[in-house]
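Visitor: Please find one structure pasted underneath; my questions will follow.
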Amino acid sequence: QRCGEQGSGMECPNNLCCSQYGYCGMGGDYCGKGCQNGACWTSKRCGSQAGGKTCPNNHCCSQYGHCGFGAEYCGAGCQGGPCRADIKCGSQAGGKLCPNNLCCSQWGYCGLGSEFCGEGCQNGACSTDKPCGKDAGGRVCTNNYCCSKWGSCGIGPGYCGAGCQSGGCDGVFAEAIATNSTLLAE
């Protein structure tokens with residue numbers, strides 16, 4: 001199931017952002033330019049740039065006044081939320097898992113997108129970057145991950161959008177995450 005304009009106006013669960021392409025997640029690909037609903041940066045300004053407003057859902061307020069997770073929000077210059085000292089997952093939090101099968105970044109924050117699910121991802125729906133698809137003998141990805149048009153496994157628009165070869169293409173994986181959220185919640 002898609003979100004936003006592509007999903008008949010549907011909103012993402014847990015205040016995740018709906019990207020310009022109609023997929024749910026967190027990070028720049030989802031909450032930045034073109035974000036349709038959820039914790040969009042354009043609509044969720046914070047800190048000194050927004051009269052001291054705080055971010056919803058315990059997100060960090062970056063030095064530039066945008067809400068989100070990861071080093072660019074919770075690191076140097078962070079104005080509010082779980083700034084560096086309040087780690088949420090992974091080895092920085094005693095092996096704690098993220099809710100809803102979100103990825104735990106190398107910095108110990110929960111979210112979706114390459115900054116969370118890519119290199120250094122500790123747990124959750126991490127991108128495996130294993131070869132798949134027609135150039136890998138028809139290999140499919142595990143855990144219903146999407147096989148991108150370039151032949152790598154992962155989730156998000158870059159994997160499950162246009163050209164997706166197999167797995168949870170067109171946002172089916174995001175729907176599965178939302179469906180299983182009660183099983184994975186803290």
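Here the Cβ of each residue, glycine as well, is placed from N, Cα and C on the backbone.
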Visitor: Considering the candidates CYS55, CYS74, CYS78, CYS83, which is the cysteine that Swiss-Prot reports in a disulfide bond with CYS67?
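Guide: Looking through CYS55, CYS74, CYS78, CYS83, the record in Swiss-Prot gives CYS55 as the partner of CYS67.
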Visitor: Please tell me which one of the binding-site residues listed here (MET10, SER62, GLY65, GLY68) sits closest to CYS40 (disulfide bond), measuring Cα to Cα?
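Guide: Smallest Cα separation from CYS40 (disulfide bond) among MET10, SER62, GLY65, GLY68: GLY68.
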Visitor: Rounded to the nearest Å, what's the C-alpha distance separating CYS12 (disulfide bond) and SER62 (substrate binding site)? Just drop the number here, would you?
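Guide: Cα to Cα, CYS12 (disulfide bond) and SER62 (substrate binding site) are separated by 23 Å.
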Visitor: Pop the Cα-Cα gap between GLY68 (substrate binding site) and CYS55 (disulfide bond) into the table, whole Å please.
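Guide: Here the two Cα atoms lie 8 Å apart.
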